[in-house]
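Colleague: Annotated ATP binding site per Swiss-Prot: 213-221, 354-359, ASP437, ARG456, LYS551, in sequence order, evidence recorded as similarity to another entry. If you look up Swiss-Prot, you'll see 284-354 marked as region 'SBD1'. Residues or ranges marked as region 'SBD2' by Swiss-Prot on the basis of similarity to another entry: 355-417.
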Amino acid sequence: MVIFKSPLPVGQHQSLEVIAPVGELALNVHLALAKQHEVKPPFIDVMSGKAWHAEEIRDRVDHLARVLAKQFGWQPNVGTPWDKVVAIYSYNTVDFIILSWAVHRLGGLCLLLHSTSSAGEIAAHLKRVQCAAIFTNEPLLATTRKARELLNGEPQKIFILDVANELLPEGHVNSDLTTVEQLAQKGAELEALEPLKWDAVNGRDQVAYLCPTSGTSGAQKLAKVTHGGLLANAVQTVAHELKTNQGKTEVGLNFLPCSHIYGMMLSHTMATRGDCMVLHPFFDLKRVLGSIARFRIERLYLVPSIISALTRNPFLLDMVDLSSVTSVVTGAAPFGSSLADGLHTLRPKWHLQPGWGLTEGGGASSLTPKDDFVPGSSGVLLPLTEVRLIGEDGKDAEGHEVRGEIYMKSPSVIAGYLEDANTQNPFTEDGWLRTGDIGMFKVSPKGVEHLWVVDRVKDMIKVKGMQVAPAELEAHLLLLPQIAEVAVIGVADKISGERPKAFIVQAKNAGPEEQLRETINQHVEATLSEPHWLGKRIEFVNDLPKTSSGKAMKSVLRAKA
């Protein structure tokens, strides 16, 4: 058995002991830092500009916990987490995070629902979990009600997480439903709750969130994300960057949905290490760029599709003052070397930090150090992360530059999926997580092992027995300036078994389709082997179906093909 490990340790001062719910631990970090020196607030709401300080958040968590206890008849030390569940179907708001921490204060858990989900998807998740209420926004209320109709009016209670007026549809009239702000005001008048009796051992494995998987290859599954997993991922990330950050805290950008593992992990990791998060309700290019200058944001957490848009429209980077930016972290989808080169050319002083992770891994599993960027790499394994690469023959891949499916172990991994007869256990009998991603290790010029994530097992295309990685072909196609976005899938072929097909979104002024089709085929055939050739299997589309984190939904494209 060949096991690849992180070269970085976790310091002795960085404890993985879960002595309280993860949100409480994060606030304690901020409060401790504030006693030593001036610190920035954990969260800034970009819409209002309001800074949320740790003391204020702590009080609001307590007030909401009090009122939830009264509303639902809950007590901190009575019942199990599964007796105290709420669903959150919302855009990003600071109260989204505070509400979840209030539920944790009562020993409960939260079912997270992507704001892009349909009524049917929401109903399917709600049907599997007994929720006391669903918290949503006014713009999402109609979909919420449709989902409840599918379940005969369950859950009975709906509460509103307020969003800025400018996010409301034109002519919208607010409902008369109780808001979280009103709940917090009521909670402030109620008696204090008894302390939560937290068991550090059992608390490590206690479920904090039910988080939907991306659903890129099929129906969403509900992953059980634990308090211990979230804390571990925060500690792993801090330890990974200890050398280059030297304990410095940063102001970071986040528009990634808090219902997605990437956004949720950031919310807890940044808070746990004392950073300040500038939180957006969702991605809006003009608003995002403006906030970087307004709040002097230092670190950008992005996804490759947005980086692609910026590199293809470089004037956007000159519209506002971006002098505060020092680093860009990217994940949720492959970050090809051509994209990395494009951004590095435009902003050579920015540290590019591609990473890799997945819902089942509990967030980030690898990250590029600021001082060891390698184009095309997904970075270095986080401390305490172990990886095996399993070949098609079921044997461990040995050495570097040998591909295999990534099996991993880490204290951050989920506790499995919510039980479903149709959901396969993602773990092997000896505890390795089968990620479904294909990767390999290469050594950087500095002599450090980097992980390269090549593609998904489910997405690999078999042409005459030869494997074609869609991500490799996609990265190659994106070298053409006429292509804005692309997704490649495999389609049946009588002679070859399968062949690649490309769905392409054209860039502006791309020219006639037939001419572009010819250019694409010449480009591919001149540089890639015959199994990669597209021929007539090129379809031009106005846009690609995507998940809330920006991944192309290839299951939708396969159904269309």
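Glycine too: its Cβ is placed from the backbone N, Cα and C atoms.
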Colleague: Can you give me the average pLDDT across the region 'SBD1' (284-354), rounded to a whole number?
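Modeller: Averaged over the region 'SBD1' (284-354), the predicted model reaches a pLDDT of 90.
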Colleague: Using Cβ-Cβ distances, find the residues under 8 Å from ASP437 (ATP binding site) that belong to the same chain and are at least 6 apart in sequence, listing them in sequence order.
Modeller: TRP356, LEU358, GLU405, ILE406, VAL453, VAL454, ASP455, ARG456, VAL457
Colleague: Please identify which of PRO354, GLY357 has the densest Cβ environment, defined as other Cβ atoms within 10 Å, among these binding-site residues.
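Modeller: Counting Cβ neighbours within 10 Å, the top one is PRO354.
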Colleague: Looking only at DSSP and grouping its letters into three states, which state does GLY357 (ATP binding site) belong to?
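Modeller: It is in a strand.
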Colleague: In sequence order, what residues of the same chain, 6+ apart, have a Cβ less than 8 Å from the Cβ of THR213 (ATP binding site)?
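Modeller: Set apart from THR213 (ATP binding site) by at least 6 residues yet with Cβ under 8 Å, we have GLN220, LYS221, LEU222, ALA223, THR359, GLU360.
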